[in-house]
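All remarks here apply to the structure that follows.
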Amino acid sequence: MVQLVGSLRKELADSLSTCKVLVVGAGGIGCELLKNLVLTGFKNIEVIDLDTIDVSNLNRQFLFQKKHVGKSKAQVAKESALQFCPTANITAYHDSIMNPDYNVEFFRKFMLVMNALDNRAARNHVNRMCLAADIPLIESGTAGYLGQVTVIKKGLTECYECQPKPTQKTFPGCTIRNTPSEPIHCIVWAKYLFNQLFGEEDADQEVSPDTADPEAAWKPEEAAARATASEKDGDIKRVSTKDWARSTGYDPVKLFNKTHLTQTSLFKDDIMYLLTMDKLWKKRKAPTPLDWQQLENREESPGSGLKDQQVLGVWGYCQLFQHSVETLRTQLQEKGDGAELVWDKDDPPAMDFVTAAANLRMHIFSMNMKSRFDVKSMAGNIIPAIATTNAVIAGLIVLEGLKILSGEVESCRTIFLNKCPNLRKKLLVPCVLDPPSANCYVCASKPEVTVKLNVHKTMVLSLQDRILKERFGMVAPDVQIEDGKGTILISSEEGETEANNSKFLADFGIRNGSRLQVDDFLQDYTLLVNVLHTEELERDVEFEVVGEAPDKAPPPQSNQEDVNSITNGNKDSAQPSTSSKGQHVEKESCFLSFVSVVAFPLILKLREYNLRIKIYLMAL
């Protein structure tokens with residue numbers, strides 16, 4: 001007869017009490033996961049998170065309270081979880097998992113690693129560390145009502161990087177500055193504007209009309225002359241956006257409208273200037289400038305519904321713009337001369353500013369305006385996190401973990417949580433795990449890639465930062481040229497090869513067909529890079545990875561608008577799973593749906609509430 005400890009077999013319960021597991025991330029999923037782990041019987045847990053608690057976290061990260069704002073998420077999560085199980089041994093790290101201190105040997109001390117991350121770089125890194133340490137990894141993520149859990153085991157399943165992930169969508173500067181056609185273009189412009197006015201100025205985030213727009217096909221000096229011809233075309237002389245704003249004392253109305261012939265404005269004169277680029281508007285609807293005085297005190301009907309989901313009128317967004325600028329101006333003054341503000345989607349004045357500025361620009365370019373909720377979703381590159389989704393996904397992580405600790409890795413599944421039931425009326429869709437990809441540049445036996453670039457224009461620093469670190473996710477790469485001499489091109493040791501940074505690859509004899517051996521000793525990872533020289537890259541494209549498959553479509557969803565990368569609150573992050581079999585529904589889906597959505601969370605909630613009552617009575 002099988003012995004049970006609670007709802008678990010005795011052997012499994014004993015394993016839970018002795019095994020050591022690592023939780024990476026203590027946010028939306030991480031909080032639910034940590035609570036589930038201690039209630040299930042895990043006794044030795046380590047949790048790491050670099051973030052601190054913000055008031056915006058409190059609506060879904062239930063291990064945190066208002067008194068914890070500003071404190072380490074990992075540390076507070078540990079303290080709160082111990083209230084559920086005081087006998088648990090939990091170690092918290094307020095640190096980045098990409099810190100070199102957390103090397104392969106660190107990972108090898110765990111029987112299981114569980115990711116609850118919200119960015120691709122960290123996911124890539126943990127994936128590689130678990131492969132190097134040969135430790136099972138459970139990857140997860142949520143996006144609104146969507147969620148996903150998968151298991152990664154070296155040699156048995158696809159790794160996180162086996163399939164290409166969609167890159168973050170970027171937009172040409174001339175589209176942002178001159179011819180926005182989608183709300184996201186206006187939102188990006190508004191974020192740039194925030195930095196130009198209140199933050200660190202970046203030449204790549206200019207918001208004034210782009211006189212070098214290749215589509216305009218007119219001479220900039222001619223348009224400048226036309227722009228100064230009359231009040232109708234806008235008398236404009238270009239100055240620094242921040243200098244101009246300071247000269248107005250950050251007066252909202254002056255920022256909105258022109259007040260002097262040597263100054264510009266955001267929603268009137270800049271638009272008039274764009275209208276002088278008449279070739280831009282031959283096949284597009286021309287923008288319509290706004291004037292504060294003409295809009296002032298316009299009567300508008302109040303919006304209905306929740307405040308964040310209301311779409312205001314033009315004058316409503318004018319008032320929101322005014323109020324946010326005044327608040328941000330005060331914050332800037334309190335910080336002193338030379339101070340800068342950092343845009344944060346969870347900072348109400350900053351979010352109000354971007355919401356107002358973006359919507360005013362949408363109106364100018366004849367687009368439907370968006371609610372603050374919608375703008376925040378796009379401006380923060382996030383899909384708003386929902387507590388119930390996090391709870392379901394955290395429960396599924398534990399269920400997959402129990403399979404692994406029972407020695408049943410083959411029975412693990414990739415599980416998709418859908419927003420609406422599929423054709424079989426199931427919200428949870430389990431899929432068989434895919435085997436490793438033979439072409440994966442991470443988990444293949446001999447990882448190798450071919451990169452197309454111009455060796456005469458690509459600098460060593462670009463190779464290091466843009467290609468090896470940003471594109472291939474390395475942390476501290478060392479690069480050796482396979483030229484028979486073993487020439488060291490890049491060293492991870494500080495100062496050893498800095499003199500090479502400003503030189504071109506061709507300066508080191510690198511040409512078409514050259515091979516570079518790249519090692520990241522922290523990740524215990526080696527990659528062979530074949531160089532393919534070309535002079536025919538598209539404009540603004542520094543390099544291309546040859547043979548890279550197109551972005552992989554996610555499993556079918558009931559609503560195509562919801563098919564996005566599945567992330568823990570970060571739309572830019574990659575999908576946690578690489579499975580391509582989202583449409584294959586297993587026989588166990590009905591049972592799994594009941595266990596994951598009803599039985600497992602219900603059992604944990606009952607135990608949780610019972611424990612809370614005990615804690616409350618003890619405090620009386």
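Going from the start of the chain as shown, residues are counted 1 onward.
Yeah, the Cβs are placed from backbone N, Cα and C, and that goes for glycine too.
TrEMBL labels come from automatic prediction, so no person has curated them.
What TrEMBL annotates here:
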- 8-414: domain 'THIF-type NAD/FAD binding fold' (DOMAIN)
- 25-30, D49, 57-60, K73, 96-97, 118-123: ATP binding site (BINDING)
- C159, C162, C440, C443: Zn(2+) binding site (BINDING)
- C174: active site, glycyl thioester intermediate (ACT_SITE)
- 203-236: region 'Disordered' (REGION)
- 216-236: compositional bias 'Basic and acidic residues' (COMPBIAS)
- 451-538: domain 'Ubiquitin/SUMO-activating enzyme ubiquitin-like' (DOMAIN)
- 548-582: region 'Disordered' (REGION)
- 548-588: domain 'SUMO-activating enzyme subunit 2 C-terminal' (DOMAIN)
- 558-582: compositional bias 'Polar residues' (COMPBIAS)
Quick note, G25 (ATP binding site) and C159 (Zn(2+) binding site): C-alpha atoms separated, nearest Å, by 19
For C174 (active site, glycyl thioester intermediate), just count the other CB atoms lying within 10 A of its CB, please. 17
Integer Å distance between the CA atoms belonging to C162 (Zn(2+) binding site) and C174 (active site, glycyl thioester intermediate): 35
How big is the Cα-to-Cα gap, in Å, between C440 (Zn(2+) binding site) and S96 (ATP binding site)? 26
Row N59 (ATP binding site), column other C-beta within 10 angstroms, all chains, value 11
Please list, for the domain 'Ubiquitin/SUMO-activating enzyme ubiquitin-like' (451-538), how many residues fall into helix, strand and coil according to DSSP. 19 helix, 28 strand, 41 coil
Measuring Cα to Cα, how far is A122 (ATP binding site) from C159 (Zn(2+) binding site) in Å? 14
Of all the binding-site residues given, G25, A122, C162, which residue's CB has the most CB neighbours within 10 A? G25
In the structure shown, which of the binding-site residues C159, C440, C443 has the fewest other Cβ atoms within 10 Å? C440
Taking the Cβ of S96 (ATP binding site) as reference, which residues of that chain separated by at least 6 in sequence fall under 8 Å from it? I48, L50, A122
Local Cβ density at D49 (ATP binding site) - other Cβ atoms counted within 10 Å: 26
I'd like the number of other C-beta atoms within 10 A of the C-beta of G28 (ATP binding site), please. 27
